[in-house]
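As written in Swiss-Prot, here are the features:
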- 1-45: topological domain 'Cytoplasmic' (TOPO_DOM)
- 46-66: transmembrane segment (TRANSMEM)
- 67-79: topological domain 'Extracellular' (TOPO_DOM)
- 80-100: transmembrane segment (TRANSMEM)
- 101-139: topological domain 'Cytoplasmic' (TOPO_DOM)
- 140-160: transmembrane segment (TRANSMEM)
- 161-204: topological domain 'Extracellular' (TOPO_DOM)
- 205-225: transmembrane segment (TRANSMEM)
- 226-277: topological domain 'Cytoplasmic' (TOPO_DOM)
- 278-298: transmembrane segment (TRANSMEM)
- 299-304: topological domain 'Extracellular' (TOPO_DOM)
- 305-326: transmembrane segment (TRANSMEM)
- 327-373: topological domain 'Cytoplasmic' (TOPO_DOM)
- 374-394: transmembrane segment (TRANSMEM)
- 395-404: topological domain 'Extracellular' (TOPO_DOM)
């Protein structure tokens, strides 16, 4: 079976399968414009908006809980505990809002990538698609596992713990606790019916936040992987071109095609920035605070809380690293085009060819990148800055809390 699969060309939709399927579980259909069933599309949209209305009501409850907790130093620990969850929720909200606001850009981006996708197995081997897909799958699997592990442990640990204590350890009462610290305008634990309705309501809200947070980044990973594959193919074509001196017309036609191809890839990068720039800005600002507050919880809590928050900490750090890694990979792949052009046997070609090649090299010196507003292009240097900033906040918070 594996051999048969390896001998089959991969479609673009197969590469997009994970984010598309996960998005549909919360009602977001990226390819709704291709749907032939308007009723199904309408139901998806109703489910999506109803879910986000419910989710944002829960976020308001978290914000009220946070505000009430910071009024007294005795409850400041509770405020610190809920703060990273609020940050995660706001980033998920903003990412989904960016997807909705930039839906036309997203459709255009995905359609262009699908049109550029190599269709035959032979062509995909030329593009080294299997190598890019292998790395992409590993990243997607790791991040998906961590993100779902975080939302699952926070959502279901209190119920599992209470069930074990009540059913197996002989406790007289079932502890009606929730996985998230939320203020309610009523007593949400006064009886079993209300408690379980609210419990599953919160669990759905947590799942929706996790999927909105996860899928926006998975979509970014798939898109950047595809763009890097195209930049890499351009580099290989440039390096392998023979540049025969007696084939000037063919050389110029080849270079014109490469320049157009390169320009198309750069435009795709601009679409990515239009779609992601503001959400990534909020993501990095929140990530510093999230990692700080989570680290504080890990150093100041019980073993069971430490385990839960360690999963959250790993999720936050891996998410930031993943975005920075792909930002760095995009920069490297686009810069490689200029190096490949210079490594050609261009000295055998005509002056017109060399002039065009020079323009291509000059353009490639400004690398394609992911650029949040006011931030430098995202790279692994950005990751180090985020971690450094988080540690500074953590040290300040720890010192302030200890002194009081």
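Glycine residues also receive a Cβ, built from the backbone N, Cα and C atoms like all the rest.
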Please indicate, using numbers and ranges, the residues of the same chain that are 6 or more beyond the topological domain 'Cytoplasmic' (101-139) and have a C-beta under 8 Å from a C-beta there. 6-13, 15-16, 30, 33, 221-223, 225-230, 232-233, 236, 264, 268, 271-272, 274-275, 322, 325
Ranking 46-66, 140-160, 205-225, 374-394 by Cβ pairs under 8 Å to the transmembrane segment (278-298) puts first 374-394
Are there residues at least 6 beyond the ends of the transmembrane segment (46-66) whose Cβ is under 8 Å from a Cβ of it, and what are they? 26-28, 78-79, 82-83, 85-86, 89-90, 93, 96, 180-184, 201-202, 204-205, 208-209
Can you find at least 3 Cβ pairs under 8 Å between the transmembrane segment (80-100) and the transmembrane segment (205-225), where each pair is 6 or more residues apart in sequence? yes
Counting by DSSP, what is the helix, strand and coil composition of the topological domain 'Cytoplasmic' (327-373)? 33 helix, 0 strand, 14 coil
Taking DSSP helix as H, G and I and strand as E and B, the topological domain 'Extracellular' (67-79) has 10 helix, 0 strand, 3 coil
Please spell out the DSSP helix, strand and coil residue counts for the topological domain 'Cytoplasmic' (1-45). 28 helix, 0 strand, 17 coil
Which sequence-distant residues neighbour the topological domain 'Cytoplasmic' (1-45)? Criterion: at least 6 residues beyond either end, Cβ under 8 Å. 51, 96, 99, 106-107, 110, 113-114, 117-121, 124, 129-130, 133, 136, 140, 144, 207-208, 211-212, 214-215, 218-219, 222, 225-226
